[in-house]
């Protein structure tokens, strides 16, 4: 009976990623590796990369949703850096978070100072009183 290998026993379960266990799209394993290699601390807990991946995924989804709205407002189907810039700068909290960030090819927000706008003239039809 030699040479038959193992008989029976439990079949190994299909590998399940930590991202799928947490219900995330962002890679928990890669975030964990980067936290370990980045010399942020001597040890990294099991929950830290899951939490960080979830935060990064949430922020990305938020920015992409606002950028998609900006693209749709401009009648475009492709998000370009200008749409990202408009999305971030028009949102108060994202603008505060990414205030020191420069987006290449993002342009600036359209803004004209009120004093530079032409004066409002009164209507030409004044009632003539006696």
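A Cβ is built for glycine as well, from the same backbone N, Cα and C atoms used for every other residue.
The annotation compositional bias 'Basic residues' is assigned in Swiss-Prot to 7-19. Here Swiss-Prot flags 120 as ubiquitin cross-link. Feature annotation from Swiss-Prot assigns phosphoserine to 2; the stated evidence is similarity to another entry. Marked as N6-(2-hydroxyisobutyryl)lysine by Swiss-Prot on the basis of similarity to another entry: 6, 10, 37, 75, 76, 96, 119. Marked as N6-lactoyllysine by Swiss-Prot: 10. Annotation comment: Swiss-Prot describes 37 as N6-(beta-hydroxybutyryl)lysine. The N5-methylglutamine annotation in Swiss-Prot covers 105. For 121, the entry in Swiss-Prot reads phosphothreonine, with the evidence type similarity to another entry.
Here the compositional bias 'Basic residues' (7-19) has, by DSSP, the following mix of helix, strand and coil residues: 2 helix, 0 strand, 11 coil. Taking all protein chains in view, 5 other C-beta atoms sit within 10 angstroms of the C-beta of residue 10 (N6-lactoyllysine). Among the listed modified residues, namely 105, 121, the Cβ with the most fellow Cβ atoms inside 10 Å is that of 105. Here the modified residues are 37, 75, 76, 96, 119, and the one with the most other Cβ atoms within 10 Å of its Cβ is 76. In three-state terms derived from DSSP, residue 96 (N6-(2-hydroxyisobutyryl)lysine) belongs to a helical segment. Checked against residue 96 (N6-(2-hydroxyisobutyryl)lysine) by C-alpha proximity, the modified residues 75, 76, 105, 119 yield 105 as the nearest. Here the candidates are the recorded positions 10, 76, 105, 120, 121. The one whose C-alpha lies nearest to that of residue 37 (N6-(beta-hydroxybutyryl)lysine) is 105.
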